Amino acid sequence: MEFHDFDAAPLTIPLFIGTIINWALLGALVVQLYLYFVAFPKDTRFAKGLVAAIAVAEFLETMGNSRDMIRTFGTGWGNPKVLDTVGWAWFTVPVLGSAIASAGQLFFAWRIYVISRSVFVPIVIAGVSAVQLGAGIWTGVLISRAQRFSLLQFRVLKPPVAWLAATALADLIIVAGTIYYLSKARDPDFSRSTNALLHRIIKITVETGLLCALFAIVDLALFIKYDGNNFHLAVCVWLSKVYSNSILVILNSRAAIGHAQQTDTHNLNLRSSGVKFESNKMAIASIMTKQSGEGNFYAV
């Protein structure tokens, strides 16, 4: 292929846009990580381990993405074969991306279980998440074998569709399940601050969950519509960071919610395993709580 016959824009511009947004979201994630470790030094080891694992995975993803950008716009610029080469994208985008998304989806599934004390919806979410993880890893294997972006076409490469579709489906189930169970928990007997707390949790869940689903759907649409180019990388490169930031936003929002809890002792029953909103009709458990040395609880 001669260079004058080669249109580099479909391969380079999406990667450039995706990398810029990727670094911006990494900056936001670093701020969220700082707030988390400062505000919740006594969180459980599991919670800290999850946050640390996500941070390491996102750092590796960003470094791999940056390496490909340097190769594309630096050492390989002007060489059509280099521009068309997949590089590390097979690992950083579908493999790491699906693993991080799966961690986020399982986190939200656990939150729904704590809220509802029912395993049905969490099991469905876990099943769909397992499908997207498997499809994401298989997508990485196929991309690694192809080695060229021009060969990544919808008509011959179906696993990415399953990966992104399952990702969006899991996110929508998470949003619907959380809204349903928290809406059921709202009760006229609750104080105004307790109902406001439930409304805040619903709002945060809807905002984060719908963003994850929306970007997964956009990524899927770009992949199906435009064969053999990088258009979908403008979204896919940083999709995992939407999940990472969502998890940290949920965890860090406990500080603000915890302040509201301290002003409403009538309907709250504080326990070392969680915070429950008590009424004569129902009790709803809070998510990811941990008692601090001062006896305060921060709930999501």
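FYI, residue positions are counted from 1 along the chain as it appears here.
A Cβ is built for glycine as well, from the same backbone N, Cα and C atoms used for every other residue.
Those TrEMBL annotations? Automatic predictions, nothing curated.
Listed features, source TrEMBL:
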- 168-255: domain 'DUF6534' (DOMAIN)
- 12-37: transmembrane segment (TRANSMEM)
- 87-108: transmembrane segment (TRANSMEM)
- 120-141: transmembrane segment (TRANSMEM)
- 161-183: transmembrane segment (TRANSMEM)
- 204-224: transmembrane segment (TRANSMEM)
- 230-251: transmembrane segment (TRANSMEM)
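Under 8 Å from some Cβ of the transmembrane segment (230-251) lie the Cβ atoms of residues 10-15, 17-19, 21-22, 25-26, 28-29, 32-33, 35-36, 40, 47, 50-51, 54-55, 57-58, 61, 65, 89, 92-93, 96-97, 100-101, 103-105, 107, 111, 149, 167, 204-205, 208-209, 211-212, 215-216, 218-220, 222-223, 287-288, 300, all in the same chain and six or more residues away from its ends. Packing against the transmembrane segment (161-183) from elsewhere in the chain are residues 94, 98, 101, 105, 108-109, 111-112, 115-116, 121, 124-125, 128-129, 131-132, 135-136, 138-139, 154, 198, 201-202, 205-206, 209-210, 212-213, 216-217, 219-220, 223-224, 239, 284: each is 6 or more residues past its ends and has a CB under 8 Å from a CB in it. Within the same chain, residues 101, 104, 108, 154, 160-161, 164-165, 167-168, 171-172, 174-175, 178-179, 182, 231-232, 234-236, 239, 242-243, 246, 249-250, 253, 300 sit at least 6 positions outside the transmembrane segment (204-224) and bring their C-beta atoms closer than 8 Å to a C-beta of that stretch. Sequence-remote contacts of a segment are chain residues at least 6 beyond its ends whose Cβ falls under 8 Å from one of its Cβ atoms, and for the transmembrane segment (120-141) they are 90-91, 93-95, 97-99, 101-102, 105-106, 108-110, 112-113, 157, 159-160, 162-164, 166-167, 169-170, 173-174, 177.
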